[in-house]
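J.: Quick one: structure below, then a few questions.
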């Protein structure tokens, strides 16, 4: 009996080791089948080695976790289409006061977005904006990318939907969304503050702008673009200002004519106008659904049911075939979280 237990332990360890190698090194030369297939292979080996029966293997699959993860991924996909992360990127540069201020903003926005929309989604989408901001301001990207990644991991611990590990903990323990948030949020805030201070301490000299380092003055505004002015280019700026005034006058004349009646506007422009209005309306509906989902989670509603209901509502509001969205979510979910399947 004891020998059988040792054999089962050894075989189980072998199956887990095979899974672990394929999960950590998906392109291992001996078996380059990837993480998803590696996870499936590890599960099948557990059944073949009789560590688990087929019924026990089916019972080990937690559908509530999969439904919650699927729903949050669909919601995140529609938020990305609604330019939610684009607006978060604009917040990074709105009235920015320098590189250190930018580090703090990245830490805060990354933490909040990862807590609400999963950490890897935030990192993948916000990386583009962080690199663009660093390039436009002639700053090294490494400190900002490190702030993005580390703060996303810290912020994702605050909610059950921040990362898959939290999903498992919340569903298995029966802790509600609000209880989880109240219990973890103080630690996440302390960790976020310490992370920002540590990054500023590590890269303070690199991010400090020294006088005389640049010949021109950099004016940074909220559009995410740096505007350099020097005495040699002031005449060009003045000419540009005159042209801008002229174009603005022409634009005002066109707007006044449009205000006289829609009949005077060409049909193509009128159609574009309504397309723009419909797009704004759709984005507003997406944000309302997401806010409703978060409020429902805080009120203690079932997390899996709330997430899948919000996902279905967004599919209906999109009024298009949902297959492309579902295919993208399926591929993304399997690639990111193969161990959950």
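Any Cβ shown, glycine's included, is placed from N, Cα and C.
Where the annotation comes from TrEMBL, it is an automatic prediction and has not been curated.
These numbers come from a predicted model, not from an experiment.
Take a look at what TrEMBL says about it:
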type	residues	note
DOMAIN	27-334	domain 'Citrate transporter-like'
TRANSMEM	6-25	transmembrane segment
TRANSMEM	37-54	transmembrane segment
TRANSMEM	60-79	transmembrane segment
TRANSMEM	180-203	transmembrane segment
TRANSMEM	286-317	transmembrane segment
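For each listed feature, how buried is it and what is near it?
T.: Beyond the transmembrane segment (37-54), the same-chain residues lying 6 or more positions past its ends with a Cβ under 8 Å from any Cβ of the stretch are 8, 11-12, 14-16, 18-23, 26, 31, 60, 338-339, 341.
With a cut-off of 8 Å between Cβ atoms, the residues of this chain six or more beyond the transmembrane segment (180-203) that come close are 100, 103-104, 107-108, 111, 115, 140, 142-143, 146-147, 150-151, 154-155, 157-160, 166, 169-170, 298.
Within the chain, the transmembrane segment (286-317) has long-range Cβ neighbours (under 8 A, six or more residues past its boundaries) at 64-65, 67-68, 70-72, 74-75, 78-79, 81-82, 84, 116, 160-161, 170-171, 176-178, 181, 325.
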J.: Counting only residues 6+ away from its ends, which parts of the chain sit with a Cβ under 8 Å from the transmembrane segment (60-79)?
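T.: For the transmembrane segment (60-79), the nonlocal Cβ contacts are 52, 85, 117-118, 121, 160-161, 164, 167-168, 171-172, 286, 289-290, 293, 303-311, 314-315, 318, 325-326, 328-329, 332-333, 337, 340-341.
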